[in-house]
Amino acid sequence: MGEASTSMTDARAGDERGRRATGRASNARMGSGRWRHGARTALGALASASVTMFSGGSAMMAVLTVGGATTYVLDVSESAEGALGTIWLTAACACGTLGANGSWIGATSFASSVGLFVANTASLVTFCLWCTMHFRWIVIEHPGTAAACERALFALCPPVTGAVLTWAFASTSAGAEGAAFYGVVVCLIAHRLFLFPIESGCALAATDGQAKTERRRSILTEDDAKISTVVTLTLPVLAYLWTTIDILFESIDHAFACIALVTIPVLYLIGTGTRRSLWWWRRAQEPEMKKTEMFVLLLALMGFAVSLEGTLVFGEFGEYIELPAPLKYIMVAVSVNCALVVFVVCNTNSIGEMVPLSAVQVVLAVATTTAICAMGAPIWMLPVPVAGSRAFMKYHYEDGSPTDYGTFAVSCVGCFVWFLAKNFWSLDVEVGSIHITSLCYAVLALAVMALGLPFALSTKSFSHTGVGSLVVGYVVALAVVEQILVQVTHEDGSLIYPPYLVISTSVCGVLASKSLVISGRMSRKFGWMVQSSSAAKLSMLFVHGPMEMFSVLIVVLTISAPHILVHRTKSLSAGDCINYCVILVVSLLFARFAMFEIIFEITGHRPTDATLFGGLLLITGASLARLSTHHNFRDDDIGRRFLVMIIFFGCFLVTFRPPMPWKGEVGMWYDAAHVPDSEEDDARLYGIRKGKHHGWPSWLLMLAALTAMFSVSSPRKQTKAVSTIRIIFGAVCGGSVGLYMALEYFAEQWALDVFLFMACALVGVFLSFAYTPSATSSRWLPYVYTAYVCALSCAFVTQTGGSTVEEREQRLDGKYGVISVFAGASLQIAFALKFQVYSSLESTRQRQRRRSRASPFLPATGRSRPEYFRGVASRNEHRELKVRSLAWMPIIGNIATLTSFAACVVLADELTGASIFSVFVLAPILLLLHQDSVMFPTLDEHQRYAPPMAVIVGKLCYDGVLAVLAGPNKVHVLTASASKLPWMMVNATSLFLASMSSMNLIHYLATSVRTSGMTLVLTAPLAVVPPFLSKLSAVRALSAVSVLALVLQDFLQRRAKIAGLKYL
């Protein structure tokens, strides 16, 4: 029994160690981890980073694409430090491209350009911090670093997001002046998300023995929150002052705008409670604090009142104020200030205890009476607002009689009818497509409905159906009126009904409907209809007709139906799903004109048939994705494949816009105002040269994508029939890509086309069975790779020779084209083999981790143990691969990696003019190398970084030697021999000195034998001297690499020493 219990205990301990080892392996990958604020910070970091990325142009996108691909490769290979370093290096390169050709360069002044560059750079920094926090090993193994990154992210996000988005608004139709007011909204939201007291999200779950205060510590310090709050909330007014500095004193409107931008943040801080919004402020005694808050609140209210008065008097509403100059200022000031007093008193619940109700009624009556008098109302109209003000306060704070509310409603309607009759009703003009009289009737009906809805909601006599019908009717009527007004402009081109009003009413409609559904005053069905109508009316910012907006409403209702009526989809059948698909497709076809206008407004040109049809497929696929997760269809592989095919097809049509079998013309599907664009073959879209195919070969890419999807997602049980089908699909996939490249990028030669088709077809088959192998694929895949190399070699041979100069140049371009195809295909093969070998050996590595944890010897000896023990793990891996008949994979993977690297070097020398910096971009390819039994017996830990480092140093030394042998560009003395020899000796010595520290690092990475500290100290000055002795760019670059290598080697050796001391 004792032995049994001991063995069970040991087994449980081994399982626990295995789970910990597996957890450490997964912690190296990028993911959400244990950090709780990923979604919150994404709102700020990703929003600003998206603006920055799209403002950098094509160069920025190219850098981000290369960096993202490299990060993915390193992340899959579980090179955690490399993936993290690549993210930051990509951001640094993106900053360089942004500084060279970003859209911020078009700023009006040098100071503005510098400020925008700093803001966009900080945006990339926040994005990198956000990515850093998603590495689980950072949060778990380095909690101090994680806490510092989290602190910096929360401190930087509010001002950076506000600055970048304000600049984005200023670059659009909002203008510099309107952008400040959009920016103040962004800054207030960012302050609420990041600068309120928030607990740290990267702290691990505390045990019972840990202090609770450690778990509940705040992210920001008081100083951080203070500085970030001040910068964030003063940013809009500073941006407004800076953008209008030249015209600031030409109009008094700018002064009122500045006052509003100052007072709105102050009112926000006090309104949300200073204990939370200003938690970093060292508070005095409570009575004194209250007095200070009240004093600041009064000042802010006075300032806001002044800005509102100025906007009313000197803005567009000033034409409706008919009193003479001195008197209208007084009347408007009295009205605004009295209204604000009533608002403050009601909002602070001071009526009854501190302020009598009669006094509030008097003040509100004064506010309404002076307002209507300022607009030129006759004497007999004055009792109307007085009676309405008294009835409203009495209804709200006393008995709530329907008579009081009726009096208030009649008063409001009477005043509104008088205003419409005085200013608009008698005009003989057309607003949009209707007469202004009809529009006045519609607006009056909206006012009556708006006054009737609160009364209907406050009484219990109306049923849920009645309330829902009233709300839906009101939203629909509001959308119709807004659609008419939003199309009308002033004489200066500004909109009568600005877009922010449409957005505000839509947001209010969604929030109000949710509140009514939660409170039980409206059913879920009507809430769904109200929310869909509120969301659909946003389309009026892009479409121009009521029918188009109605078609968008139909689409929104159809798409959102499964999400709202989820309780009815429990017994969903295949027939119901088919019916839903038919209804969805019909609704999208009905909304084709709306889709046309939305795409036209976004892109600035008419969409093509492919864009419209692709958009229809994308929306259909995205809508059906919800149904694919239903429990009735979780095992439906055919339906899932069909759904993925629809999405793939839509993405392909939208991206490549190939010619369609039909041509859109006026008829059944289109009208005269919605005729799709027809694009001819364009070099920007379909290739380097314009061929005679008119873009039709791009359909080969679609065929390749579809066959690749079916080949990769084949059933797990690999029978002979399934393997045969996968071979056919893989060959068609690769052959389609090869034929596309042959037709679009190469001169027409039937032999070249055949060999490219064969080579790419073989690559397709190889990749298909490399990712998802069959029972016998490991036997014949090496022959497939050999055939692929032979086919591309034959393609290269076909490009030799040439009788004329033009033909020889054409053949030379063909050679480089074949080399580029070889480089790309070999890289894909290398990555596939790297991924497959790593996946095959994952279980072996987990067992090795468990054994190393239980071993008393291996952790103690570490990197200094004998060579025999250091090769044990690699020999075990080689043995296991040989047992699985996969021993060829590391060898062929290394061959593919090295040959693709060589091909990329050849292409880089041709494209960049033999630039010395191209090797820094190409060297990470060698991270795909494997440890095999032929070329690289061991590539563990830091050894995998030795080949890239060696290639960088070797390439720089090679370029330096060539430059030294070429001699100086100018002869400074009489004889050439007297001038070259000293120059060559100095530069050769500089090259030797610059390479010493780099060689030491390569030796340390490859052999794990540390360099003595004295050697590092003595070689450190040697790496700094060469830039002062030599002007060769290769020598200077090698010197910089040596300095970095010296610092890195010292860091690695110190870390290894500290780890050993901790173990001892």
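From the backbone N, Cα and C atoms, a Cβ is placed for every residue, glycine too.
TrEMBL entries are annotated by machine, without manual review.
Taken from TrEMBL, the feature region 'Disordered' covers 1-32. The transmembrane segment annotation in TrEMBL covers 53-74, 254-273, 327-346, 358-382, 433-455, 467-488, 641-660, 696-713, 749-771, 818-841, 886-908, 945-966 (among others).
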Which residues of the same chain, at least 6 past either end of the transmembrane segment (53-74), have a Cβ under 8 Å from a Cβ in it? 82-83, 86-87, 89-91, 93-94, 97-98, 100-104, 120, 831, 921, 924, 927-928
Contact between the transmembrane segment (641-660) and the transmembrane segment (467-488) (3 or more Cβ pairs under 8 Å, separation 6+): no
Closest-packing stretch to the transmembrane segment (749-771), where packing means Cβ pairs under 8 Å, from 358-382, 467-488, 696-713, 945-966: 696-713
Under 8 Å Cβ-Cβ from the transmembrane segment (433-455), and at least six residues away from its ends along the same chain, one finds 402, 405, 409, 412-413, 416-417, 420, 424-425, 427, 470-471, 473-474, 477-478, 480-481, 484
For the transmembrane segment (467-488), the distant same-chain contacts (Cβ-Cβ under 8 Å, at least six residues beyond its ends) come to 431-434, 439, 442-443, 445-446, 449-450, 452-453, 456-457, 495-497, 499, 501-502, 505, 509, 512-513, 516, 521-523, 525-527, 529-530, 533-534, 536-537, 540-541, 544, 546, 549
Given a Cβ distance threshold of under 8 angstroms, which distant residues of the chain, six or more beyond its ends, lie next to the transmembrane segment (254-273)? 177, 180-181, 184, 187-188, 191-192, 233-234, 236-237, 240-241, 244, 247-248, 293, 296-297, 299-301, 303-304, 306-311, 314
Same-chain residues at least 6 beyond the ends of the transmembrane segment (358-382) with a Cβ under 8 Å from one of its Cβ atoms are 320-323, 328, 331-332, 334-336, 338-339, 341-342, 345-346, 351, 388-390, 392-394, 414-415, 418-419, 422
